[in-house]
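Q: Mind having a look at this structure? Questions to follow.
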Ligand code: ADP
Ligand code: MG
């Protein structure tokens, strides 16, 4: 598990990267610690600096004339102002160091932000006071400076803690991975760390324990809880030969599992990696937030300067005006703004991962909230994609078994659901299939290869028509009328047989279509299969429309046409033939155990074969967006009352904020953003 310790969202801490600048990275390289650890180290650093500064603040307060006046005592001794200066300098340099350093990093990146503001504020306060100590007429500012730094330090500490909480979601995924396994060896069962497992090892998993890594059941029957991994809430029954996922919980029986994948290759780690990558991809909302943060910094500096000028103009002492300026700059820190979006992203990616919805592309996921049309692929998406051969129809000299020998041989080289159905039928009848040379998949059409020196095809009706091999036949017509999928065997340019296959509509599909309609979203179907089957499925499900006998490139054209009509389109598919359409769509969604090509082309992956997850995904996208907007609105909007308050507009009513109180409010606004993000739900 070593290599995975650091995966928890780099991106999450983006806000902090900006604010603590390069500090974190330098440490990272030198000490080689994981990111999560750093975060904790930084937290400790803030805590230490806070404690030291707070202790130093006590004598500063006692020595301050204003405080003495307030509590009605007097404490003076020769040179006391130099002591005050010394203590304050210590607080400024030691407690203020993270901010000063942060400013340097921000300016180096030409991106003044949060740290620049704080550093500027404390620097102005300190040097002005120092000048007064050494002769400039005026009043010092030391206790305000010290308390401001204290509050900033503790505020950062608290914020980092809440941020850590929000970003832990990804870590929770990693924590699903067990650490120990019972390895079966010739000498008996031995407990070993999971990291030592190798492919081919056999492990024993007792009831109630987690499956240590992805593998295959060799012995024993059980049911497994995969809820945390795929969102499937019901226990899944497993028997020898079935695959199990590392991290899922073995519920009933003891099983022996042969390890198939370890470390980074396991399902769970791939999910973690996907989630991490998704968190790193920039989203439009994040860009917006970053730009806003930059402008807010400029506004803060301007507002500070205006405040200073205005109070001086109104005839207030310089120290009063300066204090207001510092408060304005502190309260306007765009800290909450920097974290508003990353925190939501972090919570939403891991939340959706737990529901079996993997987000690969955040920008597309953001678009999912606006989807108006969902286009489904038929086979394997709306239907189960488990074809069963129901009829074999000889159309030439070959008999049924012979047709299956040829077709089964070719289909062994294809991963299409039709292919699996045919292969299974040949196996069922114990037929020895032929050997194939030069096999080739024709996406959306069929397969091709050389058997016994003859050119063999198993193809769609469309392919036959295209090549003028189509022949009317009563029996073929009949199975087509029944809404079956029919493919044809062609040998050396001659049509020799037809195979009819039946598939089942997924029971979840109907509900998915209904729910989409409730949301005002249209549902279409695209299929390479024949129009009769397509029509039957479309009517069964109440679809808004369908396109049949479309080739892969036509699938993407259909999607494009819908887009040209002004719709935001999501495409849901599983096959190689869907890949171009997945790319073309505004949101490409690969379903279930889809082919790798489909997964690579998709923006979102649904782990389960459940079309209803499309709806969950859309809901999640909407909820995520709402949270982002709420956070952004809060993080910017709070300035509307904070800035005037800090500037002292309510001074006439006796309300005046000290810089420390300003810092407190600023930190509070960030904590609110973090808490709000954590409450994301669907
Ligand atoms: P869908 O869009 O329904 O997922 P495809 O585009 O994958 O279907 O396939 C379209 C048609 O091409 C199928 O209905 C079938 O006629 C034919 N076809 C595709 N792959 C194969 C195969 N491996 N064997 C036989 N026919 C195939
Ligand atoms: Mg398909």
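Heads up, the Cβ atoms here are built off N, Cα and C, so glycines get one too.
Predicted automatically and left uncurated, TrEMBL annotations should be read as such.
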Q: If I go by TrEMBL, the feature transmembrane segment sits on one of 246-268, 269-291, 292-314, 361-383. Which?
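A: It is 292-314 that TrEMBL annotates as transmembrane segment.
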Q: Transmembrane segment per TrEMBL: which of the ranges 140-158, 159-177, 178-196 is that?
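A: Of the candidate stretches, TrEMBL labels 140-158 as transmembrane segment.
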Q: Counting a contact as 3 or more Cβ pairs under 8 Å, with residues at least 6 apart in sequence, do the transmembrane segment (292-314) and the transmembrane segment (112-134) touch?
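A: Per Cβ check, the transmembrane segment (292-314) touches the transmembrane segment (112-134).
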Q: Taking pairs 6 or more apart in sequence, does the count of Cβ pairs under 8 Å between the transmembrane segment (660-680) and the transmembrane segment (50-70) hit 3 or more?
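A: Contact between the transmembrane segment (50-70) and the transmembrane segment (660-680): absent, because fewer than 3 Cβ pairs are under 8 Å.
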Q: Please report, as numbers and ranges, the same-chain residues at least 6 past the borders of the transmembrane segment (140-158) whose CB is under 8 Å from any CB of it.
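A: Residues 43, 46-47, 49-50, 53-54, 56-57, 60-61, 64, 66-67, 81, 84-85, 87-88, 91-92, 95-96, 98-99, 118, 121-122, 125-126, 128-129, 132-133, 319, 322-323, 326, 330, 658-660, 662-664, 666-667, 670-671.
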